[in-house]
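Here is what Swiss-Prot records for this protein:
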ACT_SITE  SER118  active site, nucleophile
ACT_SITE  ASP184  active site
ACT_SITE  HIS198  active site, proton donor/acceptor
COMPBIAS  226-236  compositional bias 'Pro residues'
DISULFID  CYS36-CYS107  disulfide bond
DISULFID  CYS180-CYS187  disulfide bond
REGION    222-241  region 'Disordered'
SIGNAL    1-33  signal peptide
Amino acid sequence: MLRARPSHRLASAAAVVAATGAALLAGSSPAAAATCSDVDVVFARGTGETPGLGVVGGPFVRSLTGELSDRTVTSHAVDYAASSSQASAGPGATAMSAHVREVAAACPSTRFVLGGYSQGATVTDIALGIRTGTTTGTPVPAELAGRVAAVVVFGNPLGLSGRTIATASSTYGPKSKDYCNSSDSVCGSAPKTGTGGHLSYASNGSTTDGARFAAGLVRAAGTPTTPTPTPTPTPVPTTCVRDSTRDHVAADRAVSLYGRAYARGSRDSLGATSSYNVVSLQQVEGGWRLVTAC
């Protein structure tokens, strides 16, 4: 759970983001097109930012699109309030996971890159099933975890508790990267990855580096495979013949061995080869078997 002091830091950082957002806000990429893309980037903006990808998400998506120039890349800005109270992170996580579920169902070959900045990183944490102690939301279903190729977050408040996604999630940790600048108090004691403060991720190379990281994992993941339906076996025509033992032998439905007849394949005993007793044989895969009647 976030302590009172870190919450003040978050509020202060949020005010700075809101005040400078108009100057720094990058244009959001278009939402996912009607046709399915190879990669869909789902990004949550920071506290107080204008709806869209935000000051960090925009540059990150542009860099990732450039890194994956041989693939189709779409982006989706998570629709949530990004309020200063941080309580909107839970509903934001629910919105993020809902988008992943919707696209995954419609586009079985699409891979996802999830990410967020500041409170948007908390949105991402919760969507990955990480308990943050601030609010709750609906995570991405476990069965879709394999469709998420990479997770990249910037200025993640999870660092205030000394954690990163890599240490908090065994499922998503190996394919995640947390960026926390040396002077960024919002991400607390998380390992430092670059210079500057909470507003420097788009200008200090973090978004470019994060895009390279995500692109590498997207390429390594390949294309999701759609399970091949199990073919319905072709029914074997059922034939049943009622005849004398000797006639079954004559028709090769039975074999004779030392004066006794046996159904071909199953070796069911039919009695003496020369017998005129009438018995029923049913055709099965690989031969015939003795049945009570046809």
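Glycine is no exception: its Cβ is also placed from the backbone N, Cα and C atoms.
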_For CYS107 (disulfide bond), the number of other Cβ atoms found within 10 Å of its own Cβ_ = 19
*In whole Å, how far is the residue listed as 'active site, nucleophile' from CYS187 (disulfide bond) when you measure between their Cα atoms?*
8
*Do any of CYS36, CYS107, SER118, CYS180, ASP184 (recorded positions) have a CA within 10 A of the residue listed as 'active site, proton donor/acceptor', and if so which?*
SER118, CYS180, ASP184
*If you measure CYS107 (disulfide bond) to ASP184 (active site) at Cα, how many Å is it?*
38
_Least Cβ-crowded entry, counting other Cβ within 10 Å, from the disulfide-bonded residues listed as CYS36, CYS180, CYS187_ = CYS36
*Going by Cα-Cα distance, pick out whichever of the recorded positions SER118, CYS180, ASP184 is nearest to CYS36 (disulfide bond).*
SER118
*So how many other Cβ atoms are close to ASP184 (active site), meaning within 10 Å of its Cβ?*
27
*asked:* Distance check, please: Cα of CYS180 (disulfide bond) against Cα of SER118 (active site, nucleophile), rounded to an integer number of angstrom.
replied: 10
_Which one is it: of the active-site residues SER118, HIS198, which Cβ has the fewest other Cβ atoms within 10 Å in this structure?_
HIS198
*If H, G and I count as helix, E and B as strand, and all else as coil, what does DSSP give for CYS187 (disulfide bond)?*
coil
